[in-house]
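I have placed the structure first, in the form of structure tokens, so that the comments after it can refer back to it.
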Amino acid sequence: MKLKDRLYSGIGTGSFVYMTLLLFGNHNIFITRMEIVSVFIISACAGIFTFVFEIEGISYLFSLIIHFLLMILIVYLIALYNHWIDNFPSASFLGSILIIYAFSWAILISKTKRDAKKLNVLLKSKK
């Protein structure tokens with residue numbers, strides 16, 4: 001997958017996840033420009049970092065761990081910059097990242113399965 005495609009895919013998924021979390025959160029919604037920019041940066045990085053899944057010679061699980069650690073680093077740096085956290089991340093902060101990460105992957109797995117079904121139907125119709 002090309003870098004541009006990874007970037008756009010990440011932004012699309014990340015924006016969807018962010019808006020879904022806002023929708024189902026139990027608070028009044030007020031979004032700043034910096035939060036929007038931050039979500040775009042985090043989401044773009046999530047997409048770009050998917051290159052680790054194409055590195056030959058490492059397992060999918062190891063790629064997933066690398067991707068997750070890279071995402072923790074990016075989210076941590078942006079959270080520090082935006083003053084969402086004061087210093088070292090708390091257990092609840094890391095737990096939130098894990099839940100959001102799992103939700104994001106569930107969406108991507110669902111999309112991949114749907115796309116695979118469509119391709120299989122298309123291939124069967126070509127025979």
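Note that Cβ sites are derived from N, Cα and C of the backbone, with glycine treated the same way.
What TrEMBL says about this one:
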TRANSMEM  7-24  transmembrane segment
TRANSMEM  36-53  transmembrane segment
TRANSMEM  60-79  transmembrane segment
TRANSMEM  91-109  transmembrane segment
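Non-local neighbours of the transmembrane segment (60-79) in the same chain are 38, 41-42, 45-46, 49-50, 52-53, 85, 89, 93-94, 97, 101; each lies 6+ residues outside the stretch with a CB under 8 Å from one of its CB atoms. Residues 1, 31, 39-40, 42-48, 50, 100, 103-104, 107-108 of the same chain lie 6 or more positions beyond the ends of the transmembrane segment (7-24) yet place their CB under 8 Å from a CB of it.
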